[in-house]
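Undergrad: Structure provided below as structure tokens; questions to follow.
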């Protein structure tokens, strides 16, 4: 059984000014297996974040099903952890307070919470920053914390909404590399939304390419690149370029946003 | 993962070390010293009589007299007690009400015209009706303090809740935060910068309301002391009472609100909206 299944998902909304019904998601079906890293890629405005928001339970869908381990989901829940582009950390909580938040909500005792937090902070490279507040961290560190805050809860599936999109190019490379290492160590199930083709291919086991709005699945590509992956080795692999060129063509080549950071 | 990107430079006010804070305090006092000097000089040069405006020394004498006779302690005690009760009542009523309005678009749409209307009327304009309902005494004054604070505090709490990014609330929900726990874990701390602003504005309104209500409705308190001195043409006591009212407000702001802000909003890097 797949960890996450998205079946015939459709989303329409009513424009408040014109009263027209606008289709946002035409028909999207794909699934993610346990321990699999799947990216959803598409031109900006194609509705990929809408798909993620529906899976997260933040917004309703018009038709279709979202199943986690075969069970239909409604509303947000700790089985689906979300890493936001805007990181959405709690500014009034320390690094430790942010990381232990989900465990506290679950009722995990303090000692256990802090032990789990120490492991995760070590994993994302934030040991020693426990007492800092989010505003005292750099953008890259904030996003590591956003990742740690979700990883520590061991959700069934991690939903990542363009987490590196607003981070400078060099730090982004480093974060992608680190995310790959973390993924290879822990094997969480990941649903990753991005508009960066290189990022999608580098990180993923499979890439789901969405068409422009109303979005449908244009193609699903198996990324057959060896793990562990490093940027240096992966970009030299001719298959990496084949994948990215193929996806570029699929997206219409000229789509400037698909290449932009 | 061995290397780490460097921490961001801390934005906003950094806590100053001891000596700097000391010099800050000195600079805080300087304008007041200047004001007193000018006051003394003007009264001296123009030969103004105490009937019109007292000399600095008259006011100091009046203060000493008030302190010695026990009037100062009595008025101060009465005023502060009413202020405290009114303020606590305002906090425990306005913040929950504001959070309820802020988290429900329907409720806030319904109440916001009423709220705007009431902000203009809050406090002093209610004194006649307060004395009709509650008689002359503590209860009417406490009602005025509560009333003066309530609307400003509610309004700013609503604003604070509405300014919390939707992603922050979503993050909490997706980590299993349910029902009323959202209020305690997210809405209250998230709205705190704006709540502190509301508290500051509200306490200012409340303080003014207190003095006005005491002038009319009681036989103790700083406002009453002002009123009594006026009927006896005692300008020394009038100005002395005004000075006490002003100094108390400054102390409240510096010793209560500023530390609250430093420990929460500034520490968290959430700038207070003003």
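Even glycines carry a Cβ here, placed using N, Cα and C.
All annotation found in TrEMBL is predicted automatically rather than curated by experts.
As annotated in TrEMBL:
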DOMAIN    B:76-256  domain 'ABC transmembrane type-1'
TRANSMEM  B:25-43  transmembrane segment
TRANSMEM  B:83-102  transmembrane segment
TRANSMEM  B:114-134  transmembrane segment
TRANSMEM  B:140-161  transmembrane segment
TRANSMEM  B:182-203  transmembrane segment
TRANSMEM  B:209-228  transmembrane segment
TRANSMEM  B:235-252  transmembrane segment
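Quick one: where do these features end up spatially?
TA: Under 8 Å from some Cβ of the transmembrane segment (B:25-43) lie the Cβ atoms of residues 53-56, all in the same chain and six or more residues away from its ends.
Listed by sequence, the residues of this chain that lie at least six past the ends of the transmembrane segment (B:114-134) yet keep a Cβ under 8 A from its Cβ atoms are 101, 140, 143-144, 147-152, 154-155, 158, 205-206, 208-209, 212-213, 216-217.
Sequence-remote contacts of a segment are chain residues at least 6 beyond its ends whose Cβ falls under 8 Å from one of its Cβ atoms, and for the transmembrane segment (B:140-161) they are 82-83, 85-87, 89-91, 93-95, 97-99, 101-103, 108, 112, 115-116, 118-119, 122-124, 126-127, 130-131, 133-134, 187, 190-195, 197-199, 201-203, 205-206, 208-210, 212-214, 217-218, 221, 273.
Below 8 angstroms of C-beta separation, residues 66, 71, 74-76, 78-79, 82-83, 86, 122-124, 127, 130-131, 136-138, 140-141, 144-145, 147-148, 237-238, 241-242, 244-245, 248 of the same chain, each at least six residues beyond the ends of the transmembrane segment (B:209-228), sit close to that stretch.
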